[in-house]
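As given in TrEMBL:
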| type | residues | note |
| --- | --- | --- |
| DOMAIN | 119-442 | domain 'PDEase' |
| BINDING | HIS195, ASN196, ALA197, VAL198, HIS199, ASP236, ASP345, GLN396 | AMP binding site |
| ACT_SITE | HIS195 | active site, proton donor |
| BINDING | HIS199, HIS235, ASP236, ASP345 | Zn(2+) 1 binding site |
| BINDING | ASP236 | Zn(2+) 2 binding site |
Amino acid sequence: PCSNMSNNGGCVYYFLWANIVGNISKIQINLILPHKVLFKDIFVYLCHTLSCGQFFVSHSRKSCMSLPDFCNSASSQQGEVESGTRRKLNRLLSFQRFFHASRLLRGLASHSPGSLHILDNDYLGQAAHMLSKVETWNFDIFLFDRLTNGNSLVTLMCHLFNVCDLIHHFQLDMVKLHRFLGMVQDDYHSNNPYHNAVHAADVTQAMYCYMKEPRLAEQLTPLDGFLGLMAAAAHDVDHPGVNQPFLMKTRHHLASLYQNTSVLESHHWRSTVGMLRESGLLSHLPANISQDIEQQLGSLILATDISRQNEFLVTFREHLDNQDLDLQLASHRHFMLQIALKCADVCNPCRDWELSRQWSERVCEEFYRQGDLERKLNMEISPLCDKLTDSVPAVQIGFISYIVQPLFQEWQRFTEPSLLSQMMMSNLHKNKDRWSRLWCVHAASETQPHSED
């Protein structure tokens with residue numbers, strides 16, 4: 001059949017593998033083959049993915065447990081393994097990816113900034129059209145995630161690394177880059193309503209918009225761009241779907257490991273470093289440079305700790321009041337990357353209403369799940385986590401008033417203000433007013449039965 005491949009429009013091949021993880025011994029792969037595609041192209045790629053541990057073999061880093069795992073980890077373990085295997089197989093069974101990866105290995109791939117290396121052909125046009133407008137604020141990350149078959153984070157990062165010329169500047173290996181990004185995306189828990197890979201992609205897109213702000217863009221170096229995008233993509237990796245107080249109350253091993261200080265953020269950072277080293281993405285760089293990158297990534301990710309909000313806000317306000325920000329200084333650029341990442345992490349209320357509403361409902365659903373678990377464990381229910389008393393409008397009004405609005409008011413001052421910051425503040429005020437109206441309706445519906453009695 002191999003000799004006739006160039007004469008056939010499509011073939012079905014059976015690959016028999018021995019000693020593969022699990023009981024899978026035979027894999028049927030349906031390939032829609034263009035003319036003049038060699039069997040060795042497919043075979044080279046499959047061998048490479050096996051050697052890299054990408055085919056059915058997950059990396060061995062220790063991760064924290066997601067929220068459902070607290071309830072019933074043992075009974076669901078087998079199902080999760082099977083489901084994870086199916087997801088990996090579905091992502092890999094794309095001939096477009098097989099063929100392009102084989103061209104990468106042979107050095108034949110295009111390096112044009114607009115090229116998309118990992119999209120299936122069916123969705124290439126629609127997703128590419130969206131990526132051509134990736135710096136617009138109304139970018140619909142939910143639609144983009146559907147168009148990329150759940151690979152929004154990997155696809156977005158590969159595109160942005162191309163657009164920013166980071167692959168060429170840092171001489172990154174495309175196979176290692178794709179492997180690292182795949183590991184990051186897979187380490188987000190898809191069963192989290194909010195803290196999942198789509199949230200990471202949304203924050204990354206927002207971070208890119210902020211780094212394109214004129215006052216910042218003209219001063220940022222390639223290293224700054226690399227750090228900003230990497231930190232945004234990995235800032236919540238392996239998030240368990242519960243907050244730090246819950247981990248402390250349940251004496252989780254992460255709380256003990258990080259001594260109850262920035263527990264989740266420290267775990268996100270350390271997990272990212274582990275994946276960087278496991279993938280070998282930076283192995284070609286001198287040790288002192290790769291170590292510096294790891295430390296700066298840690299500084300950025302740790303800045304997303306919401307308990308440090310006032311610390312950063314006060315410092316930011318002082319810089320603006322004193323007009324002493326000098327973006328030619330590496331330390332000041334790093335501080336602004338920290339502020340930009342903090343803004344990107346909480347920017348949902350600054351989006352258009354439809355996008356903002358979806359994120360609001362998702363984060364509250366995650367809060368409510370934690371509250372239900374705390375109720376089940378006879379623990380005190382954490383603030384904002386009681387679905388019986390904490391309505392979505394009330395949670396969002398408080399979040400906007402005390403966290404988002406003060407931060408973005410200072411960001412608007414920094415941008416002097418830009419068109420983007422004006423648009424975000426306009427959306428923020430409109431969304432807050434809308435949540436206020438919804439809260440009034442909710443409050444009235446709560447009191448209505450009592451008035452009838």
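Using the three backbone atoms N, Cα and C, a Cβ is placed for every residue, glycine included.
Overlay of TrEMBL annotations on the structure.
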| residue | record | Cβ within 10 Å |
| --- | --- | --- |
| HIS195 | AMP binding site | 26 |
| ASN196 | AMP binding site | 23 |
| ALA197 | AMP binding site | 24 |
| VAL198 | AMP binding site | 23 |
| HIS199 | AMP binding site | 23 |
| HIS235 | Zn(2+) 1 binding site | 28 |
| ASP236 | AMP binding site | 25 |
| ASP345 | AMP binding site | 20 |
| GLN396 | AMP binding site | 27 |
Original post:
HIS235 (Zn(2+) 1 binding site): which of the binding-site residues ASN196, ASP345, GLN396 have a C-alpha within 10 angstroms of it?
Top reply: ASP345
Original post:
From the centroid of the CB atoms of HIS199, HIS235, ASP236, ASP345, the recorded Zn(2+) 1 site, which same-chain residues not already listed sit within 8 A by their CB, in sequence order?
Top reply: HIS195, ALA200, VAL203, ALA232, HIS239, THR304
